[in-house]
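Novice: Let me give you the structure first, and then I'll get to my questions.
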Amino acid sequence: MVAITLENVSKYFGETVANYQVNLQVTDGEFLVILGPSGCGKTTALRLIAGLEQPSEGAIYFDDDRVDGRSPSARNIAMVFQNYALYPHMTVAENIGYPLKVRGFSPDERDEKVEDVTSLLHIEDQVEKKPGALSGGQRQRVALARAIVREPTVFLLDEPLSNLDAKLRQEMRSELKRLQNELEITTVYVTHNQEEAMSMSDRVAVMNQGTVQQVAPPQELYDRPRTAWVAQFIGSPPMNLFQGTRRNGSIDLGEAGTVDLSGVLEAKEAVVETSERDDVQSTALLASDTQGTVSLGIRPENLTLASTPPPSGNVIEGRVDTVEPMGEYILVNVSVNDQIVNAKVSDRTVSRGDRVYLTFDTNDAYVYDTNGDLVA
Amino acid sequence: MSLQDHIDGITVDRDEGGLLDIDREKAVALAVFLVPGLTLFGIFSVAPIVYSVFGSFFSWDTFTLESFVGLDNWIRSLTDQLIIHWPNMQELRYPMGALTHNLLWVVIHVPASTFLGLGLALLFADLKGRRFLRSMIFVGFTVPPIVIGLVLMFIYDPRAGLFNEVLRVLGQEQWVRNWTQSPQVAIYALIAGGIWVHTGFSMLLYSSALSAIDPSLLESAKVDGAGAWRRFRDIIWPLVRPVTAVVVIMGIIWVMRMFDIVYAAGGAAGGPNHAYSVLGIEVYRAAFRPPIDYGMAMVVALVQLFIVAPLALYIARMN
């Protein structure tokens, strides 16, 4: 088992920048998920760790060993590809045994290990079949078996569940998590599915446009998204961001109302201290004579809907656009300043066209500056 | 008309034997479409074969059928030294007979053009400008074989020929000769030319087979620890096997029907003293050059057919 370190790693494909100055630490035995939209460079990052691509700049370490420049086979990694990449002309047993065969294990050893791993993944009765005769879920298991059979030090997975149906995906998710817990292999898992990322990972690295935006445990990622982009990427539906002007210690949201900035800042004081930079900026924000554009972020689940103006607190005014009953909650889309705002509510008391008042706890509000960085 | 009426109408049709009517109509339509094709196939393929089989048991006066002679034509042809020359074969001296020459083409030309094609396809797979290179190689295959034969004559010419010039430049003067007219080496010179032409064909087929292999399979093998040779042996070679079958069989068919290149280089005799004659040449000479031996022409053509037909059938029935 090893720890993985990416140090200022960049990867260029001609003019295209796939990764730019990526810094990432994966600790020994950790389950790290790289999460991002398609084209954000997450798969390239994984392929750099695998050795299928070599970085244009920067260094990659496994523990203290610098591994960039080494071939994939010299890194003792195993990888599961999005389309499983099973060898179509070999049986399941031959597929799983192939890494062992290449590494010169005797046929007896091979059979023994293949038997162990197939029983671990419940595919003992499939070993004589060719991959073409298997279902998606079974292929997935074979690919996993082939990856873990030779006990690699690093386990890399590239969107392994994206070809499965919803039910199977759920099943394989917990199975993968169980396997990783049992084997304690350092794992890097790439996905664009935030549900997968949140449910399986120890930590999530959120990537966008080739750079790492934030690395944090799932809950922290949800509770304290460091950039407006992460805030809007994590959560379903995404966080609402209101554009406003900071003036005299409050945020002016135009016709929709005004939010008292000091309240938000005070509520956040304890947490904001985690970073010096934030502290300085939030103090600057409080200075009443400064002005500027900021974004106020509130998650749909933290908004409360009222049809009469509440007596006190922060209020944002809008008009109901659509109401979507989702079963476990009702999603109300409210039009505020020509922007659609999502609110998750528990009962249906409003209908289209109603004038409504959105209230929230200052604890649940985030303020991002013009660069999209979290300031409070 | 209501929906119920419509359904009733359908039921009535069926009661009156509608299904049978449809089948009969279908059969007529099928026949109408099949007749033109089958007619042509019958006139130009089946009839000549049947006629040849029939005629091979008769004696001929030029093009006129004479009397039934049993296996006479067959025995005479297959023991003819132009077809199989046992004494020369034992001494490895040319000519060895047209059938032997054809088989020599199969043994040398087919593996060589197959492996060269695969090699070039692998080489070009990740190369910049591969389209241009591929086209250059394939152009050879688009040239009519008779022209290839003439080109080979020029290349192997003792004075003006490129090949001998290269030998001179390399200081190998002792090898300089008229390659297409030296009985002991001429057939190899022609086979080399045939390989050059046919490599383009196998390279093209292999190129498309290689690009059909999912790259993640090769990456997966890399991660599994397989080096370049193992990736080729364990992944690429098994996955292109269907194409190998096609390339090999098409190659065998191509050389078994060989005529143009040999004719261009060596005329109707198939080289000096028939040194590199092939079955196609013998059919041509027996049928069209005096003394005309139509019976032998039929037998030799049928021998060609018996070798090629099962292979063609195998390809046609491949999945």
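Any Cβ shown, glycine's included, is placed from N, Cα and C.
TrEMBL labels come from automatic prediction, so no person has curated them.
Feature list, courtesy of TrEMBL:
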DOMAIN    B:99-315  domain 'ABC transmembrane type-1'
TRANSMEM  B:28-54  transmembrane segment
TRANSMEM  B:103-125  transmembrane segment
TRANSMEM  B:137-156  transmembrane segment
TRANSMEM  B:185-206  transmembrane segment
TRANSMEM  B:239-256  transmembrane segment
TRANSMEM  B:294-316  transmembrane segment
Novice: Using Cβ atoms and a strict cutoff of less than 8 Å, what residues sit near the transmembrane segment (B:294-316) while being 6 or more residues removed from its termini?
Specialist: 49, 52-53, 55-56, 58-60, 62-63, 69, 72-74, 76-78, 80, 83, 98-99, 245-246, 249-250, 252-253, 256-257, 279-280, 282-283, 286-287
Novice: Looking at the stretches B:28-54, B:103-125, B:137-156, B:239-256, which one shares the most CB pairs under 8 Å with the transmembrane segment (B:185-206)?
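Specialist: Looking only at B:28-54, B:103-125, B:137-156, B:239-256, the most contacts with the transmembrane segment (B:185-206) come from B:103-125.
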Novice: For the transmembrane segment (B:239-256), which recorded stretch in the set B:28-54, B:103-125, B:137-156 gives the largest number of Cβ pairs separated by under 8 Å?
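Specialist: By the under-8 Å Cβ criterion, the transmembrane segment (B:239-256) pairs most with B:103-125.
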Novice: The transmembrane segment (B:137-156): which same-chain residues, six or more beyond its ends, come within Cβ distance under 8 Å?
Specialist: 120, 162-164, 178-180, 189-190, 193-194, 196-201, 203-204, 259-265
